[in-house]
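All remarks here apply to the structure that follows.
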Amino acid sequence: MSSIESLSIQGIRSFGTYADDLQSIKFSSPVTLILGENGCGKTTVVECLKYALTGECPPGSDRGKSFVHDPKIFGLNEVLAQIKMQVRDRRGAQVSICRTMKVSKKRNKMSFETMDSTINFLTGAGQSKREKQDSLSGRSVDIDVAISDFMGVSKAIINNVLFCHQEDSSWPLDESKKLKEKFDAIFGITEYNKALDKIIKLRKEAMEELKIKEANIKHVAYLKQEMEVKTLNLQKAQRKCDAIKAQCSECEEEMKPIEARLVEIRNVEFEIGKYQAQKVEMDTKHKNCKDQISTLTLKIKKPFRGTLDELDQEISNFDQRMLEMRQKRTEVEGDLSQIKRSSVAEQEKLGTQDRKHCLAKQRHQSELACRAQLLKRVKEFCRELHIPIDCDLVEQPEKMGEVLRDIEAMIITKHCEITEIVEQNEKADRSRQVKIDELRIELTKSEQSVTAQEKQRESSKRESETLGVEIKKIETSMQDLKKLEKEINEVNELYESATKNIDQQAIKDAIARKKASIAENQIQFKKLDEQLTFLGSMAKLVAECSLKQKELDKKNQEVHRVRSRHSDHFGKLFKEPITCNYRRSMQVVYEKLRREIQELNEKANTQKLKEQSYEIKRKNLISDISRMEKELKDSEELIYQKCRSTPYDDLLERSKTTISKLQFDHGALKSSEALYKKYIQKMDEEPSCPLCHHNMTSDEACDLTSELTDEIQKLPDNITRAEKALKAEQIKYENLLQLKPTILKVKELKDSLPQKKEELKKVEELLGDSVSEYETLIALIGEPTHNMELANSMMGDMSLLDEALKDSARLTKDLDLQKGQLPASYDSSVSMDDLQAEKSKVSKELETERKELESAQNAVQQQMDALNRLREKKNSLKDRQIHLREGLQSLPQLKERLEKLNSFLTTVASEISELKAKIQPLKLNLRAAIEEKERLKKSESEKLAQLNSKYNSYKSTDHDIQRLNKEAEDYAKLDLRNEIKKLDEIIMASKDKLRKLEAEISLKTDELETIKTECSNQQTVERDLKDNRELKQLEDKEAKLRESCQVLDKQLGNLDFHSVSKEKVNLTKQRDKATVRKGELLGQLGEIHSQVNKLQREIDEPRFKESLKNFRKANYEIEVTRLCIEDLGQYRLALEWALIQFHSEKMEMINRLIREYWRKIYRGNDIDYIQVKTDEVSSDASADRRKTYNYRVVQSKNYSEIEMRGRCSAGQRVLASLIIRLALAETFSSNCGVLALDEPTTNLDRANINSLCEALNCIVEERQSQSNFMLIIITHDENFVSSLGKITSYHRVFRNEECKSVIRRVEAGPSKKALIDQ
């Protein structure tokens, strides 16, 4: 059973929004009492419980805007609110529910927004976390549905029964429509009604669907028969197709060796072309190699006469010499960089020493200033403290320590004086506080005595009022007693007259007559049943005749249907009308059409073979043209890539000219270095121009020399660029030479392509004529083919028609035989249906008489019940008479108790007056003592503050002096004068070392320049050696190329190109013959394929392909639909019966509880009982209607039930609503034992309040054994609280000084109340 454990509220209505405003309440079993004044926030607790469980805002809150704390109160733009609730679900596991809301103020408009709703699963009661989940969020699931599931009750019960809002608490006496909605929601009738409507709708749809399926199955059966015929024809065509395919495979096998040999011949042709291309390439390379050899021979100044190995050795020796010179250059550069690094390091060292020297001088100045400031501060502080100084501290600095110790001793003395004053002040203050505490204790005792006396007076006063009311009631009951005796006499007279008016003998005679009439009808019913049994014995033979007749009518209809369907086709296929042997006549027509089509097909196939031969020739020509055009396009693209738009011969000549020019430029650059050096040498000897011999000034000569030197330095790069350009141009020239065969091939293709295209044009003309003639033949085949297909499609119906005619004749004969077997005594005018109708009529009369008998018996029973009720009323009146007499007997004791209470109240009033007179002087004395204590304490504090201020200034000055003394001692330890002298010596040594290093750098630089000049002079020799090596390599390459050309000539001679070409022509003729034969077979195969495809397409149509499956499926669906209709009818009846039974049982239980609670609680005598009346709405009693109910609350007055709405007082309305809610909670909330009552005493008088308390106490005692039972009562009536029995604690709701709602738990005891924070 689920229950509530705790609730936390923040930012709801008058509850504050800040963290310290959070209010919590822990609910206890069996009763949780919440007490508070009007408007302090009691009802807000119920609203929060309801909102946490259902997510619905309370009524009148403007969709939640006034439910959250108003932001206008504290001048905020938005307010966040949160409700946290911890519960135990119906399985006992702990669940935490948290709902967060926000109200924002934008442009003076308020908007409410739900921020988040979360369920957290806690562990508890032996339950693990639910399905390994920690929490559920409102973004992923419906939180309200989940909470209803956890609590074990529906949302309607939570809203309307368990946590009903005070404004909606009187809903049981609301208007009829709203009351019906509430009860339907509580019973869950709405969902069940939806299920019933769904079942009714499904049953109707199934019945309509059954009619449609029964009509459609005839068409499905016809398609199944058509499918079987077409499948047989398809299998014959496929067997013929397989035979032709085998012949085609034989042709392909004959062509395979021919094709293989043709592939080999093409490979030989490819090899010949490849060797020819290689030969052209080798010739080109050989010629280029010779040209390069001649060019290099001209460039070399000094040819090398040895071998290539000797030349490599010479180059290696030269490289060794150059390597030694480079190594020496690297060593000199390394030494120079090492010396430079040493110089830089020495300069950095000198800079570091300079910085240290400056820092030492600054510290020395700071030391002198610190010592001067220390002496000044010490002298001033000693004068302030009156400490004498006997020596000069400048000349004797060692005396400084003694002076500082004297200062420290004087400061400690001042601190001791302040401590003594503080102790004296505290002692005086404690004595004054003792006096104040004594006065306060005396005052508290007096006030507590007054409070206790007032409480005792109040309780006595309440008891006195209660006794007065009881005495008045007993005095007035004397008159009631007389009325009661009169009423008892009246009831006795009514009972006696009712007994006389009932004639039991007459009633028994009427019942006997009814029973005799029922017996006569039963005899007639039995006679009719025997007649039906006789007809039933003949029913089989009659039924067979009827079935035969129906079958005969069906066959005649089928014959008429088939004849009507094909009446137009009969006129088209037959010249004369036919009446029998339809299938045989149709087969004759079919064979005639087949022979005609076969003749036309043979002519068409002959023409098709011609067409295919032309088509093959055309495809071969197109293939050759495409291949030649592709080769032409590729060759032209290759030529374009190499030559662009320039003619090939012009480009070849231009490339050759460019190579010659580049070779000349390369040679000129190689020789220009020696020429420039010669010019420079001459200008050094005589400053004049080497060309015009013009005398130049020294500056002009120097500029020209520099310019020529720069040109010499650029020569290696210029030579490298010239060599790259020359090699690139040579490669281009070689590529152009390789392009020569492609040029020749393009010319050949351009000559042969027009011839091929002309041949293709002639073949296409012949192909067009052949296609036209073939199409004409195919068109002629169309009409007989259509007629043959029509005859073929009608063949099945003709078989059915012949079969139907035979069946019709057979059924006519069988029907005549069966009619002759019927007996002569059989009366055909008397049908079984008439007897069955008469039997039903007698059965209804029997049922009517039985109902009349039952109503008569019920009337007798009602009369007896009326007598019993009168007897019960008489007994209850006598019980009440006895109770009133007992009250009259206790009247003297009550009056005596009232007099004692009045005298006690007088005594207590005088004692309270005396105690209040003593309290005022005690308050004045206490206030005077407190003021005197505060005045003296303030004066002492001011004096002490002055002393402390002076002491703190002494302490600060002493701290500064100690700091200066510490700094002076630290400076003395550094010995700064000697440090400055050492740094001066180090700086002078570093400067001397730097001068030596600069001299070494100058020497090494000159040596490096000499080595660089020697290296540049060796480059000319290196170039000559490399040219000799390149010449040797080219000579070897030329010899190899010459050998390769000879080998290619020999290979081309070995390939017999003429015999290969002749063999290719013969094989091509053989292949063409086989292709023609294969074409003929393919033509036949195509025709058969068209038939197969046509049949396959027809079979693959959904109506034929799925015909068998659809036929079976249709039968299954019809049977299943019938069963579904029967099952849905049974399900609907079962569900409605269960609903009616559930509703009646629950309403009976609810009304029983309502009567029981009303008699316990209500103390009036005008209403005997109340109950919820259920009225069934009248509707047509069809299978597709469901029952609905209306609800109303009625009251019984003088044994007459009248509607309570509009006929009861405000108190009766409240009490009736409360009792109905109690009964509903007892009935429907078996899984949740929580019930909240908000202000249950509203509009109730004291008697009904007391009886309500007694009833609630009884409910609590009965349910106390259930640990999860919880009754939450919210009230402002403290007398109601005191009447609820043993309440050990309750929760008080009040407003604090900020007008925010606060919840405190109050322990209720006999003499004290303590507030305990939650």
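If you go along the chain as it appears here, the first residue is 1 and each next one adds 1.
The backbone N, Cα and C atoms fix where each Cβ goes, glycine too.
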17-45, 46-74, 713-741, 800-828 - the one Swiss-Prot records as coiled coil: 713-741
Given Swiss-Prot lists Asn38, Gly39, Gly41, Lys42, Thr43, Thr44, Val68, Asp70, Gln166 for ATP, the same-site residue among Arg13, Arg91, Arg99: Arg13
Neighbour tally for Asp70 (ATP binding site), based on other Cβ positions within 10 Å of its Cβ: 15
Same-chain residues at least 6 apart in sequence whose Cβ lies under 8 Å from Gly39 (ATP binding site): Ser14
C-beta crowding around Thr44 (ATP binding site), within 10 angstroms: 22
For ATP, whose listed binding residues are Arg13, Asn38, Gly39, Gly41, Lys42, Thr43, Thr44, Val68, Asp70, Gln166, the greatest C-alpha pairwise distance in Å: 22
Surrounding CB atoms that lie within 10 Å of the CB of Lys42 (ATP binding site), all protein chains: 23
Composition by DSSP (helix, strand, coil) of residues within the compositional bias 'Basic and acidic residues' (454-466): 13 helix, 0 strand, 0 coil
Arg13 (ATP binding site): tally of other CB atoms within 10 A of its CB: 19
